[in-house]
Amino acid sequence: MAGLQLMTPASSPMGPFFGLPWQQEAIHDNIYTPRKYQVELLEAALDHNTIVCLNSGSGKTFIAVLLSKELSYQIRGDFSKNAKRTVFLVNSEKQVSQQVSAVRTHTDLKVGEYSDLQKTQCWAKEKWYQEFETRQVLVMTCHIFLNVLKSGNVSLSNINLLVFDECHLAIQDHPYREIMKICESCQPCPRILGLTASILNGKCDPRDLEEKIQKLEKILRSNAETATDLVVLDRYASQPCEIVLDCGPYVDRSGLFQRLLNELDEALNFLIDCNISTHSKERDSTIISKQILSDCRAVLLVLGPWCADKVAGMMVRELQKYIKHEQEELHRKFLLFTDTILRKIHALCEEHFSPASLDMKFVTPKVIKLLEILRKYKPYERQQFESVEWYNNRNQDNYVSWSDSEDDDDDEDEEIEEKEKTETSFPSPFTNILCGIIFVERRYTAVVLNRLIKEAGKQDPELAYISSNFITGHGIGKNQPRNKQMEVEFRKQEEVLRKFRAHETNLLIATSIVEEGVDIPKCNLVVRFDLPSEYRSYVQSKGRARAPISNYIMLADSDKIKTFEEDLKTYKAIEKILRNKCSKSIDCGNTESEPVVDDDEIFPPYVLRQDDGSPRVTINTAIGHINRYCARLPSDPFTHLAPKCKTREMSDGPYRSTLYLPINSPLRAPIVGPPMNCARLAERAVALICCKKLHEIGELDDHLMPVGKETVKYEEELDLHDEEETSVPGRPGSTKRRQCYPKAIPECLRNSYPKPGQPCYLYVIGMVLTTPLPDELNFRRRKLYPPEDTTRCFGILTAKPIPQIPHFPVYTRSGEVTISIELKKSGFTLNLEQLELITRLHQYIFSHILRLEKPALEFKPTVADCAYCVLPLNVVNDSGTLDIDFKFVEDIEKSEARTGIPNTQYSAESPFIFKLEDYQDAVIIPRYRNFDQPHRFYVADVYTDLTPLSKFPSPEYETFAEYYKTKYNLDLTNLNQPLLDVDHTSSRLNLLTPRHLNQKGKALPLSSAEKRKAKWESLQNKQILVPELCAIHPVPASLWRKAVCLPSILYRLHCLLTAEELRAQTAIDAGVGVKSLPEDFRYPNLDFGWKRSIDSKTFISSQSSSAVESEGDCRLNTTMVPDSATSSAANHVIYTQTNDQMSVNCTPLCQKSLSDLRGVCFSEDYKAINGVSCNGVTSDSEAESGVCFQKDERIACTQEIPEKSTSFHIQNLPKENQPILNECTLSKKFLDGNVSKPTSDECPSTCTSDMQYESGLSNGYSSKTLGPNPGLILQALTLSNASDGFNLERLEMLGDSFLKHAITTYLFCTYPDAHEGRLSYMRSKKVSNCNLYRLGKKKGSPSRMVVSIFDPPVNWLPPGYIVNQDKSSDKWESNETSGEGVMANGKIDEDFDDDDEEDEDLMWRNPKEETDFDDDFLEYDQEHIKFIDSMLMGSGAFVKKIPLSSFAPPDQNYEWRAPKKPLLESAQFPSEFDDFDYSSWDAMCYLDPSKAVEEDDFVVGFWNPSEENCGTDVGKQSISYDLHTEQCIADKSIADCVEALLGCYLTSCGERAAQLFLCSLGLKVLPQVRRSVTSTNSISASSSYQKTSTRDICTLNSELSSCKGVEYGYLKIPPRCMFEHPDAEKTLDHLISGFENFEKKINYPFKNKAYLLQAFTHASYHYNTITDCYQRLEFLGDAILDYLITKHLYEDPRQHSPGVLTDLRSALVNNTIFASLAVKYDYHKYFKAISPELFHVIDDFVQFQLEKNEMQGMDSELRRSEEDEEKEEDIEVPKAMGDIFESLAGAIYMDSGMSLETVWRVYYPMMHPLIEKFSANVPRSPVRELLEMEPETAKFSPAERTYDGKVRVTVEVVGKGKFKGVGRSYRIAKSAAARRALRSLKANQSQVPNS
């Protein structure tokens, strides 16, 4: 047998590397890429009468339905007016309904079904006429139709298509035959389509077959076409070399073979003879035994004794299990008998050979022959790639370590538990060439043959390269239901296939399962170990040998070889007949391997340049180029686009070809080739011409390769930015990359320090209490102090005018105070002395009252960037107007208590005298403690009933006097003086948001009001001081309270001015809005848009844990942080939740009657009266009266539609002495006796004039014309980390979707020829975070952004101050921390003061010292020391959230220098920091000296833990910057900010304005009309940005804007949507026949029907020659729907929070939802595609939807029912369905002249039910839900391939199980797995009682 010559890849002349079968892309070079056979059959059927011979039923439906759809234009319309009808004939009644449902699913045709012959026989002619009138497709049994024809009820000429199912029946005598006879006489005859799957059954004689086919063709007057699945599967692949080998007989030298055979035969005969009577119910006792023994016998015969021994051993193990579980005695006996026989066989074998090694004497010749073939495939040494030495060094015995060998004495049946050794992850070097399958008949043969090959590999180095495995169908125990064990088996099979696909194994031993339908690679060796028994088996296994050089070897025993040769002849003949019937009858089998002729002479190549190496296409390579080009066009997984070439012989001899490219190629016209003298050349020549044309239009690049989407020919779109030269690590545009930017200073405040003798501006800071603190929140029952009750207030003195900005709130202890900044007078001058006085007072306010001065800051108003003065104003002289209160300023200068403690001495001679009026509005200072940093208290109450001799609250001291004597050795001179109840002056300086609400405006839970009340009423918990021991501060309490608001007011003013400046800048750059606002105009108030929920209802136990106590009024359960401590560690308000938004919606006040409103002023809507302040009315009455301004009881205040602001708009100041509007004076009853005391006229409060309902803005201006409200712009600049009452997240989402829409529309209109892949590439470049970040940076957004929490002591620079580098101590660095700022005990880390008693768990004091209320500072000091100590020791006991390891020692070599300033005080922050909020750091990095402790007077400067404490990565670069003047921002945050600003312009000024805004940023979304001056300095500007100081940025921007001479026009709809075509209109009418029904259904008639056709045309539908496919419209529609839905959600009155908004958006804008809706509204019935797989997926999906009939959630329960729990597979959602849902939106948009309203009018009714359903209950993707539920424990596996080519993903929830999901893509499988896991977890949760 040595003469066997195989052409193996290794020996092939093309060298070793040709022939790695899996490395070859299936792109053909000599023939056009073949199209799916179903597509070609359909084409044949459209062309002529056809009999389709198919193997599968499903393919038949596809062809029949699509054919009737294609011809449907003939059957729509009126039957009486010549429209025809289509008839489907089936053989039996039950097939009728199948066909009907197929037609109904895929078309909108009206279908009639007729299956009852009796019933229809009695119908009259009229009845039939009516049926034909009302139906377009009639499905009936052939008997009924024959009846109809015979009775002359209908004529065949009225039928356009007759479909015969199972048409082979026409050969016998059958109604089909008679129907055809009638057809013969009728002219014109209908088109005929015959379908059959059973031309071939079992063995049949080729002559008969041919005769049968010809007869059928004659009867049906058709041509038979076979599908390629009956001929070799890919008929274009080269045919494998077929070899039949005679293996010779087995010579049984030892006689063992015969003995074993005799044993087995005897045993089997015994079993057959035991005819135990079996009742039909019982199972046959001998069945298992017979099966096992005959399997063993078969192995013996086919493979020989060695294998029989192996299989006997396996079977014994398998039998043990049966025996163990067998209950019945008789059955057991038979099993034991079998066991004995098998053991006997094993014993006999052991006598002859040792089972350990393979002895060739004991295997059959077939096996020997097989091993010989395999040796031929051994790869050559030189093919070992780089690993030759590795190969040589391996000794043979360890070699198999990477295969799945197992030990022989492994006593687990290895079928069930194959213990695989771990495999190396790389394909073994041995697997590089062979890729083979051995087909065997029986399962056991496969198992043992595999074992044998592995054994041979160990002994024979020639075979060592084989890594084999076996796969046997799911044949295990057909008689048991599929159980866990089978599941294991199944998994194992899939693993085997996966390895074979990945070429980890190179040889597969398989039963016939692999012949059909399993996805495996192209093999280069197929061996039929057992001969094929029928044609189908022959052709299927042969079809697996598809590699370019492959062998199909059949092994025959000598006795069988004769008969098999006969069979083989038969198979060949059948194949030939079928091939001739193949729809492409040119036999192209040989063209692929034909010798290459030099055809260049015949037809010159297309060469780019005339030099040698120039790229060229020759006539021989052209087809490959075309195939490659088509493969690169965009398509879905189901469609493989291929060119279509028609070749016909011309009358005079030569051939000519016409080439049609897929319809989404820009080259649409058919290309006609030159006449050539053979068909092959004609095809090549036309390809060459096509290549030339493709290159000319730019579809092939200059190397003549297809142009990818990246090499876009539209360079101008990807405006290439100069890559910034920067050392900052991280990818530009990502969150990881962070950089520092100076904080912007508004131009109007820059250099605004007034100079002597120069005109100044004086502004009043008006403060009005608009919403007093409701009682529930006023725990201490403090008196509220409305700021407008006292006339003395603060003002701002500046050298420049300040633009109008909206009023805004601050939140003091008394409630919400509305702040206004009003110009008092301008143009006046001050002399030097006055200015110095004012400046000193200004410094005094910030350094002493607010104690914000620290070593790092220095007061230098002349140098500071921003240095206006804050000064007290009062009503001076008699004029009644406010002016600078110089007298008061001088008084303070003179006062002793100004800074320190005056040492007044009282004695018995001059005792202390108490004057009540001195204490009524006073701040007092205890004179006996804390001398360097005295504490200041407000006098809350004077206890006239207490004296120093009253009983002391705690038992240690009798009286107050005794306490002071004992503790401080102080004697009192006046024992009758009353005592004072005092409150701390506030150290909480961030008053931007209310304390009792979180950022969402939701009430924080409060601790029980009962406890509080009790606590505050007992003296123990009050601070009580003796007047004599205190000094009175010169600044009255009323003014002090206003001073506390200054940092917040100035900060907010600063931010709003920055926003106003941005608005003005945009007005110049983009032409949106006006540069300077009109004098008489003021924007509505800044407002957080919260509905205040302070109504008692909402408070009651908002935490389930706090039980509601029985007695008492309302319960408030929250834990607040005590306020007795003035710890700097606590100067911050940190909110529990940080995502929020400034709402822009108006909540109409509930329609309550007035009486209801009374007293509930603070219920849900109390914010509605936020901004009202009426001149001369005190706040209490005014707040309540304000409720009912509007006649219709709705607060009306909208500013354009989207921006609705809940507050009133305080308009222009009333002229002096203008009467108060009468709406404000309500009935006395309502005012509750609170009669208003008029305040001085000029008090800075304003009056609400009539409200304009619609515009919401006074004097007819609207934000549409003026530009957005600075408050809204500020929202767009505020990150959620700033913990303000609003942030950019909602606006950002809106901006994001509008940006996508604007850019999409622009690209769609500007590039009518670019296909979807290129468009989306350009879009992704433009909308990328990286691009937006660059544009935002160029515009200077980063400086204007608000990124961290406002914390005055830490990061606010008061006006007039500069950062002083020498003493800087806020410098530090860190690498990663969570900036959450929640304190250790989960409380909100607010400052320790204000509004609240100490909560028990936060008291550090000893219970013994309780009494020491007077001295409770001590405890604060000690607590501070403890805190600092613990910090330095590194225990972090105080603020758990800060991981100590994250501090890095300052980096000595790295200094970041701030522009044009001395080295600043700076703090170093890591690059990953997310716009950190520093407050929680404050305590550590800096302890204000003002808060230093008297005992140890130390200051902790920069805190630097020891080295080993720093777990920071050395490589991480830290950024060192100064907290006061700079901020560190992630690139992505800047991109977000740009989107939010876009959203802000969109909501305020409309879509056109938003587009202009984008253009001004540098994102082109509109065409330019003309350019007057081109801006030259823009580039220099952006590059110099980094190096400029803050001061110059603004000036730089303004220079730029002046030279923007660009005007933008409007987008134009791309001109043509139809191609030039001779009879385009007629084709269009054919193609869209029936679409009018769809137009009715969606209620939109198309003006241009071509858009409608385009929206439904899939890329595979080549019959549409007049429009493009839907991909471009889908690209457009996707963005439009996304924007419309996002906009709708954004404007929802429910005001969804950003998180919900995101979830809703992703739940509604996704393929699953769109596909479901498309099916619900019948889109699929009009869909035009020719793609068999897509057809089936849609079919499945539609059926599934009909069964479910329930709309989908996220990808909600998209799976089949639960029978098959083991292998969860999601039903596949056909992407094409979602696509046409989108493309139709794009089509409507274009057809309606780009009207979004029209699209929404059509789509809203479809989407509305879902929007409602989801808004009520927001769905989340299962993957996300699982990860949120089990964040630590859920782990997803990588994807595995299943045996049919799908993907499986396993998710393991540690401790709760593993869950698998399967789907066509990783994503689908992953969500299936997640869904199963969730179902299981939820089921388990519900069983566990709530513990």
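The backbone N, Cα and C atoms fix where each Cβ goes, glycine too.
Swiss-Prot annotates D1779, E1782 as Mg(2+) 2-binding residues; of E1636, E1639, E1674, the candidate listed for that same site is E1674. As annotated in Swiss-Prot, motif 'DECH box' covers the listed stretch 165-168 rather than the other ranges in 165-168, 1089-1092, 1189-1192, 1685-1688.
Surrounding the centroid of the Cβ atoms of E1674, D1779, E1782, where the record places Mg(2+) 2, the chain contributes additional residues within 8 Å, namely Y1670, Q1671, L1673, F1675, G1677, D1678, F1714, G1778, I1780, F1781, S1783, G1786. Mean model confidence for the motif 'DECH box' (165-168) is a pLDDT of 87. The stretches the domain 'Helicase ATP-binding' (41-217) and the domain 'RNase III 2' (1635-1793) meet in space: the count of Cβ pairs below 8 angstroms, excluding pairs fewer than 6 apart in sequence, reaches at least three. The shortest Cα-Cα distance from E1674 (Mg(2+) 2 binding site) to any of the recorded positions (L54, G59, T61, K1775) is found for K1775.
Assigned with DSSP, the residues of the domain 'DRBM' (1818-1883) fall into helix, strand and coil as follows: 26 helix, 19 strand, 21 coil. Broken down by DSSP into helix, strand and coil, the motif 'DECH box' (165-168) contains 2 helix, 1 strand, 1 coil. For K60 (ATP binding site), applying a Cβ distance below 8 Å and a minimum sequence separation of six or more within one chain yields V52, L54, D165, L195, A197. G59 (ATP binding site) has a Cβ environment of 22 other Cβ atoms inside 10 Å. Of all Cβ atoms in the shown protein chains, 22 besides its own fall within 10 Å of the Cβ of L54 (ATP binding site). The local packing around T61 (ATP binding site), expressed as other Cβ atoms within 10 Å of its Cβ over all shown chains, amounts to 23.
The separation of E1782 (Mg(2+) 2 binding site) from K1775 (site 'Important for activity'), Cα to Cα, is 11 Å. Sequence-distant contacts of D1779 (Mg(2+) 2 binding site), defined as residues of its own chain at least six apart whose C-beta falls under 8 angstroms from its C-beta, comprise Y1670, Q1671, E1674. Non-local neighbourhood of E1782 (Mg(2+) 2 binding site): L1673, E1674, G1677, D1678, I1680, L1681, F1714, each in the same chain, at least six residues away, with C-beta under 8 Å from its C-beta. Cβ contacts within 10 Å of E1674 (Mg(2+) 2 binding site), excluding its own Cβ and spanning all protein chains shown: 24.
The number of other CB atoms found within 10 A of the CB of K1775 (site 'Important for activity'), across every protein chain shown, is 18. Under DSSP, residues within the domain 'PAZ' (887-1034) fall into helix, strand and coil as 40 helix, 27 strand, 81 coil.
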